[in-house]
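Engineer: Okay, here's the structure, questions in a sec.
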Amino acid sequence: MFDFEEIWSSDESIFSSSQSAMKIVLVGNKSRTIQIGLTEPIPKILGIRGQIQEYLDYNGGAGVQHIAFLVDDIIQTTERMKCRGVKFVAIPDQYYTDLEERLSTSPVKLLEDFEKIKELRILMDFDNHGYLLQIFTQPVQDRPTLFFEVIQRNNFSVS
């Protein structure tokens, strides 16, 4: 019906910690304007639940855990969302100290103002080719279920 195809997939060896793991399949339409990540929790230690299992437990089963919006200007988008009362996940100052140090030895040239990224508590990932900026809202309910993500890419791929 939607003509989705598999874009990328992983097994538990890629997304794994000492407590939990997950399988992920990313599907989307041919133009990649719609992409959906399907995740399956894999417990590694009995009695300890990971992020996906926590969501399933609080949600009472399967559902939409988060919705991501790809934007061209994450700084402007985040500022507008904050003005409208949207609350975002708190990120500690040490994250930005460490990030700035890592960026200083990277070939990546950040186009955005680092101080603004820090002020807005935007997260960043990068490799030798580009970077990704993202920010997550707090859950929209009083339990850890649905939340939103705003994401901006600059020469940074999905995998």
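Note that Cβ sites are derived from N, Cα and C of the backbone, with glycine treated the same way.
Take a look at what TrEMBL says about it:
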| type | residues | note |
| --- | --- | --- |
| DOMAIN | 1-138 | domain 'VOC' |
Engineer: How many of the residues that make up the domain 'VOC' (1-138) does DSSP mark as helix, as strand and as coil?
Structural biologist: 38 helix, 47 strand, 53 coil
Engineer: Can you check how the pLDDT averages out over the domain 'VOC' (1-138)?
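Structural biologist: PLDDT averaged over the stretch: 86.
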